[in-house]
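Shown next, in structure tokens, is the structure this report addresses.
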Protein chains: 2
Amino acid sequence: MSEVHAARRARLRERCTAGGCAALVSRAANVRYLTDGAPPGAALLLAPDHDVLVLPREPWAEPERGWPPEGVEQVVLPSADGDCAVAAAELADRIGVQGLAVEEHHLTVARHRELARAAPRLRLTDLDRAVEQLRLVKEDDEIAALRVAAEITDHALGELLESILVGRTERHLALELERRLVDHGADSAAFPPHVGTGPNAGAPNHHPGDRRVEEGDFLTVCLGACYRGYRCEVGRTFVVGSEPASWQIELYELVFAAQRAGREALAPGAAYRDVDRAVRQVVDRAGHGDLLGSSVGHGVGLEIHEDPRLSPAAVGKLDACVPVTVEPGVYLPGRGGVRIDDTLVVRPVTDGGPELLTITTKELLAL
Amino acid sequence: MSEVHAARRARLRERCTAGGCAALVSRAANVRYLTDGAPPGAALLLAPDHDVLVLPREPWAEPERGWPPEGVEQVVLPSADGDCAVAAAELADRIGVQGLAVEEHHLTVARHRELARAAPRLRLTDLDRAVEQLRLVKEDDEIAALRVAAEITDHALGELLESILVGRTERHLALELERRLVDHGADSAAFPPHVGTGPNAGAPNHHPGDRRVEEGDFLTVCLGACYRGYRCEVGRTFVVGSEPASWQIELYELVFAAQRAGREALAPGAAYRDVDRAVRQVVDRAGHGDLLGSSVGHGVGLEIHEDPRLSPAAVGKLDACVPVTVEPGVYLPGRGGVRIDDTLVVRPVTDGGPELLTITTKELLAL
């Protein structure tokens with residue numbers, strides 16, 4: 001992997017170190033993207049002619065492969081109390097770069113002030129989301145990891161569907177999903193699984209609680225595996241026990257149609273907001289537009305929420321090899337709702353169109 | 001609970017709204033401390049004469065009790081894409097306060113810039129950790145919640161000790177601990193449980209992995225329940241299967257003595273760094289001082305890591321009713337290590353000295 005990471009650093013250096021400036025990367029997922037396996041708290045300084053990784057003093061478990069990253073000087077903090085980003089800024093000041101671009105969307109005001117104090121001769125500028133921009137389009141190895149993550153996720157969900165659900169609490173179903181993800185080879189769950197039953201089904205911001213699954217309930221689950229650091233998600237809604245009621249069928253078909261419209265809108269060159277609009281139009285037409293959330297999907301990768309955001313106000317266009325979720329949900333307060341969520345990779349029509357990673361059926365199953 | 005929260009807001013207002021200024025609280029745990037139950041993303045504006053809670057547009061599950069908070073005006077964001085803190089700043093600008101103190105240790109540079117843009121007539125100052133300072137000394141109800149959290153934690157750990165451990169992976173033991181916490185009534189785990197076996201036992205920053213428990217291993221576990229939002233932790237080290245080896249007994253006795261010294265140093269008026277030193281001296285004398293982490297304990301409450309930090313550089317003194325962990329660990333690379341971790345509440349000698357919340361035995365058990 002080390003050439004991959006060196007190539008990423010080279011791309012960032014090209015963009016950000018013009019005129020003798022250096023870039024300081026402190027956001028954990030960004031440091032990981034550029035070095036692989038650096039421990040939490042590490043900071044990466046990309047100077048025009050060399051790279052320095054500042055590591056915390058605490059001992060940590062080095063990755064088994066690809067460590068240390070080639071061509072990166074390593075410095076360990078002298079004190080256990082120190083801040084790697086501050087130490088990296090100090091170093092930049094000492095080696096005399098012309099300016100230092102820092103991640104203003106990540107650093108707090110207080111920490112930025114410490115950085116400025118540590119590098120009094122440097123002008124601090126904004127690196128902005130330059131690394132997040134690089135992370136947007138995934139390499140083959142990254143997509144391969146997402147594919148495995150999705151396969152694990154589908155397995156874990158499939159097993160749950162074969163078990164008896166009535167009488168079990170949301171909380172226990174969520175923990176069981178997490179265990180099954182790990183059983184099938186996930187590093188961990190990509191995020192704490194969501195489970196909602198009855199009036200909680202499909203409710204935004206609902207945390208799995210003590211409600212037990214009952215006959216006739218809607219049941220929504222949303223889960224994902226993290227595999228080699230890459231995170232995906234799948235979300236499905238089921239009816240428990242009996243034939244679905246007519247309002248349940250109606251609501252399900254609406255969300256299904258909206259989600260399909262979103263999936264079909266995924267293409268290289270499609271504007272983020274047009275994908276959102278494709279979904280929103282379907283729901284609007286049914287008079288439920290106000291019940292849709294603020295976005296209908298988002299990028300995934302080293303983090304479960306990455307750029308792009310598929311929302312009405314989002315600016316930008318999809319590229320090939322960008323993995324995103326399409327996950328509209330419509331929630332009727334007090335009755336419950338439906339969410340359908342897939343992870344897909346944007347591909348041109350010539351390659352067969354969007355690649356669906358999460359293949360669990362989207363039929364309305366009565367479990 | 002609502003008078004409790006009103007009293008907390010009154011205390012903050014007293015400290016921070018002199019001269020007609022307002023305070024803007026955006027850090028989630030701080031908003032929760034002052035309002036109870038506000039959803040993620042909410043922001044609280046404390047103006048000299050009234051309080052406004054800005055809520056995100058997304059629907060959310062209102063708490064069953066004590067909602068809405070009395071005496072707090074509620075405003076819901078007009079747009080689903082908005083930022084509650086930005087909207088609160090705009091509001092402060094409109095109602096014409098003299099200045100606005102914001103949480104510079106929480107807001108990113110980019111978000112702070114948006115706030116300044118939204119409130120062009122206001123001078124932004126630093127609220128700093130004013131709310132965290134209020135949160136330091138716990139009220140009776142908070143300590144009662146921590147006591148229940150500790151009881152749940154001890155139960156979950158006790159059950160694990162009665163089960164068969166050899167052959168099971170760290171990951172599965174961690175998931176089982178999480179499930180048992182929930183079984184015994186926790187809202188959730190306070191943090192993902194740590195489990196380390198053999199050479200991973202007691203390793204800092206180790207994540208539970210695929211290593212299976214073997215006879216003769218050290219086994220370290222660290223877990224905690226979250227109950228009504230309050231989080232505690234306990235950590236123990238065991239030997240698996242057989243009689244402990246002599247190096248294991250020696251290392252265990254060292255860490256046990258160090259941890260006891262730390263517990264005994266807890267008293268109202270004791271300097272944070274003196275508690276750290278009490279622990280460190282014991283480990284230093286055995287020649288292992290360099291293997292001790294950067295701090296030997298920390299406050300707990302609504303977050304698992306709160307002020308104070310018990311470390312060599314920490315400035316300040318303990319008060320009565322401050323709950324802290326005492327958790328030294330010594331790790332021998334390649335061989336494994338020992339960590340012993342308790343949650344205690346600082347109490348004066350006249351009240352019987354520090355109150356131990358996590359009562360699981362600290363004998364070296366061979367399981």
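Just so it is clear, glycine is given a Cβ too, placed from its N, Cα and C backbone atoms.
Over in TrEMBL, the protein carries these features:
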DOMAIN    B:8-137  domain 'Creatinase N-terminal'
DOMAIN    B:145-347  domain 'Peptidase M24'
REGION    B:188-211  region 'Disordered'
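Assigned with DSSP, the residues of the domain 'Creatinase N-terminal' (B:8-137) fall into helix, strand and coil as follows: 49 helix, 25 strand, 56 coil. In the predicted model, the domain 'Peptidase M24' (B:145-347) has a mean pLDDT of 95. For the region 'Disordered' (B:188-211), the DSSP counts in helix, strand and coil order read 3 helix, 6 strand, 15 coil.
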